[in-house]
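The next block holds one structure in the form of structure tokens; read it before the comments.
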């Protein structure tokens, strides 16, 4: 008869075993990427084909494809929420760096504006239902349902590290990401065609726009009148075109969050606490700042709104009023870009005196942020270099050409130095990560997990605070005499710099996103390259420049919090 020895009450319970590693992670990722590439190429083919009147692809074909993609993505999201996420051990870890609150908040804001746009679009197409296909009404309604479900899905699941249905989850995430990119491309093409239609209308030529062609086809096929003559119809039409920028940003925000989720599928984190995040539990703007950055940024923001309104009012007049509007527009942008360049340089100089250690941990969110900042800046780089060549090699040597040249050069410098500042900020450790050589060293053991995707060392004891004077009698006295770190002024300067750049990027996003197109109002590039080539360059590159501004805003908000 065997007796069972009593267990030692002081003995710690065994550590939980990590989830088993996937046999071939790259194989599942390759399968999902191949699926996404094929679907995206099909969508791009139809969307671009429908944008040219010589290609026999109607916009109803594009709407039918997008509606089908939305319905399939909806089915997968519902399967994930009701099935995969509820599997035992399906989500053993949550990435603390993924889906920060400001990114999810921006997603909700842009999602609400997208829902309003869908309402306007439904009302617009319902105004002449007798000569339009029903798919044009079904598409915005389906998109509205998709936005609601996807926003909830990303709000609750953006941090998930899924370990169930791995291949299906990767394919579903990539297909949903591709759906958002297809919607983004359709919105960009539609907005570009609307701008081209407005430009052609101002020059008395509307025969080469898809809008006019579709109306002629519909009228000839049905025999009805498809013109938008009523006041309500025109309100719906103008309303949903002005809300397109929010729909574009929503699709891109959702795509970035879905990509991070895709990278986290099958990922093994170092502890059951799911990593550590340096973000504070609450966000307080204008706290621990000198107020110089927020005040100057708000001033530029208000002045920028006034300049944008003046530009929109005067640019459609005669050449004298247009030239005056362009001078005001370029002058404001030169001042704003110059200040942003100097401020970004000062932030990089401050980092030369910063003793915080660089964060070398694996962070898919940060890697994606850096790649998007560098990639999206290429669009504005391309437009600026084309403008520089046109101004230098062109014939005009007036004030407008000089302002255009200065604007292009400063645009390149501002993107470069701002990217350097943001990327270096994202790789800095949190406040308090600087080494204290004067503090006594205490033993601090860490828990290291090997053979994982990321190697983390989790400290089990906090850093020793530095005290001024003799040791106090109690904890309250000790808290009262803790010396503030010498780097406090640097953190306040960095917060001011982050808020100033954030506000400037917002106003520089508003101007092009809501219709400011000095590229076409200024005839230097149009005369040098021709309207067709210059329009293709701007319509391809400008959406990346607009996305860069909003993505820089989200990154700068993270820099502000981490400072």
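Positions of Cβ are set from backbone N, Cα and C atoms, glycine also.
Looking at 477-496, 497-516, the range annotated in TrEMBL as transmembrane segment turns out to be 497-516.
The feature transmembrane segment, as given by TrEMBL for the ranges 2-21, 62-81, sits at 62-81. Of the Cβ pairs linking the transmembrane segment (290-311) with the transmembrane segment (371-393) and spaced 6 or more residues apart, fewer than 3 are under 8 Å, so the two regions do not touch. Counting C-beta pairs under 8 angstroms (sequence separation of 6 or more), the transmembrane segment (327-351) reaches the transmembrane segment (497-516) with 3 or more such pairs. Contact between the transmembrane segment (250-270) and the transmembrane segment (101-117) is supported: at least 3 Cβ pairs lie under 8 Å, counting only residues 6 or more apart in sequence. For the transmembrane segment (101-117), the most Cβ-contacting stretch among 62-81, 137-156, 371-393, 497-516, 528-548 is 137-156 (pairs under 8 Å).
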